[in-house]
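Asks: Pasting in a structure now, in structure tokens, and then I'll have a few things to ask.
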Amino acid sequence: MASYKDVKKVVLAYSGGLDTSIILKWLQTELGAEVVTFTADLGQGEELEPARKKAEMLGIKEIYIEDVREEFVRDFVFPMFRANAVYEGVYLLGTSIARPLISKHLIDIARKTGADAIAHGATGKGNDQVRFELSAYALNPDIKIIAPWRDWAFKSRTELLAFAEQHQIPVAKDKKGEAPFSVDANLLHSSSEGKVLEDPAQEAPEYVHMRTISPEAAPDKATVIKVGFRKGDAVSINGVEMSPATLLATLNTYGRDNGIGRLDLVENRFVGMKSRGVYETPGGTILLSAHRAIESITLDRGAAHLKDEIMPRYAELIYYGFWFSPEREMLQALIDKSQEYVEGEVTLKLYKGNVMVIGRESEKSLYSDKLVTFEDDQGAYDQKDAAGFIKLNALRLRTLGKRNLAK
């Protein structure tokens with residue numbers, strides 16, 4: 001076990017669930033530390049008052065429960081979506097992007113309360129331990145961090161349940177009496193891991209999905225919506241302006257009702273192993289399609305292609321936990337500059353798990369129907385100019401061809 005003998009007061013990222021409830025008791029009994037709890041309302045869709053009551057039952061005096069939904073979407077989700085960020089081609093980073101925000105608040109509360117350490121419930125096998133701790137160290141290089149999963153004797157969720165029963169800690173269970181799926185949820189997404197999901201050859205049971213109906217059960221009639229953008233961020237739906245969190249929640253509803261946003265993924269964790277997860281990102285899936293569509297008419301080709309080139313690196317930085325790194329901030333500045341004229345409206349058709357762009361318009365559009373028309377363009381473009389363009393671009397290819405044919 002790491003040495004925590006100098007730790008007197010700890011701020012715990014507390015959900016009220018299995019891991020963090022036992023960690024709370026462990027911090028009290030094993031370390032003798034005073035515990036402060038922090039619970040973030042990230043839009044996970046559950047009442048947070050039970051977490052407060054459970055913390056009080058366990059003897060906690062300083063309890064912080066904060067609604068961070070607007071901050072989450074405005075300062076973390078939207079900047080990420082300006083980049084069209086996806087990890088390994090498909091994952092919209094719903095869990096990854098929430099971790100730096102939680103760490104930020106843990107550090108703030110530690111400063112307010114005079115705590116000398118923070119603690120989290122991430123396991124020693126996953127990415128979240130890295131994300132929490134890299135963010136925390138970036139914001140407070142001297143903070144002590146306690147990660148009980150790396151130190152205590154428990155090796156499984158079964159042992160945790162036994163400990164919880166021994167200490168009379170109430171823990172939710174499924175109908176079979178087993179611990180629930182490992183679930184993470186926020187306003188952007190939900191993820192499920194563990195139990196039958198650990199076999200990547202087996203289809204995930206329908207009951208795993210919490211945020212969406214199945215595409216097969218979605219309405220037979222398509223839903224058409226319009227999403228408005230300003231400087232790269234979504235600001236309205238069907239002409240009605242909304243706050244960032246309200247807008248994402250509204251897109252979630254549209255996505256849920258049309259079976260949009262399901263993903264069954266085996267991903268490469270930062271720590272080196274592969275893991276299987278079932279993700280649901282209904283609103284984010286719609287938002288990504290809409291954002292790429294508005295960029296298609298407002299971004300110059302060179303800018304658009306450069307964004308596509310740097311996106312995998314940007315997404316990887318978020319996935320690995322480097323949100324507060326200088327390289328992520330440098331890339332963000334470039335991305336934000338690209339969004340200066342990304343404004344307008346995108347029309348989308350939602351149907352049985354599909355998001356189809358059917359229209360896009362912008363006062364800043366670079367699309368010119370006069371240039372691309374198959375009809376008389378009234379002299380807007382002289383097709384003879386293409387001959388010289390092709391000849392110059394073919395120069396090196398012709399030179400290479402002559403050499404190769406001379407063999």
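The backbone N, Cα and C atoms fix where each Cβ goes, and this holds for glycine too.
Remember, it's a predicted structure, so these values are computed and weren't measured experimentally.
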Asks: Looking at Swiss-Prot, TYR91, SER96, ASN127, ARG131, SER182, SER191, GLU267 are annotated for L-citrulline. Which of TYR137, TYR279 sits in that same site?
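Replies: Among TYR137, TYR279, only TYR279 appears alongside TYR91, SER96, ASN127, ARG131, SER182, SER191, GLU267 as L-citrulline-binding in Swiss-Prot.
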Asks: May I ask you to find which of GLY114, GLY121, GLY124 Swiss-Prot records for the ATP site already listed with ALA13, TYR14, SER15, GLY16, GLY17, LEU18, ASP19, THR20, SER21, ALA40?
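Replies: According to Swiss-Prot, the candidate sharing the ATP site with ALA13, TYR14, SER15, GLY16, GLY17, LEU18, ASP19, THR20, SER21, ALA40 is GLY121.
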Asks: Around GLU267 (L-citrulline binding site), which residues of its chain at least 6 apart sit with Cβ under 8 Å of its Cβ?
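Replies: Set apart from GLU267 (L-citrulline binding site) by at least 6 residues yet with Cβ under 8 Å, we have TYR87, GLU88, TYR91, LYS274, SER275, GLY277.
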Asks: Hey, how far is SER96 (L-citrulline binding site) from THR123 (L-aspartate binding site), Cα to Cα, in Å?
Replies: 15
Asks: Could you check what DSSP calls GLU267 (L-citrulline binding site) once collapsed to helix, strand or coil?
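Replies: Reduced to three states, the DSSP call for GLU267 (L-citrulline binding site) is strand.
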Asks: Would you count the other CB atoms within 10 A of the CB of ASP19 (ATP binding site), including those on all shown protein chains?
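Replies: Its Cβ has 21 other Cβ atoms within 10 Å.
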Asks: By a simple count, how many Cβ atoms lie within 10 Å of the Cβ of TYR279 (L-citrulline binding site), its own Cβ left out?
Replies: 26
Asks: What number of additional C-beta atoms lies within 10 angstroms of the C-beta atom of ARG131 (L-citrulline binding site)?
Replies: 27
Asks: Across all chains shown, how many C-beta atoms besides its own are within 10 angstroms of the C-beta of ASN127 (L-citrulline binding site)?
Replies: 20
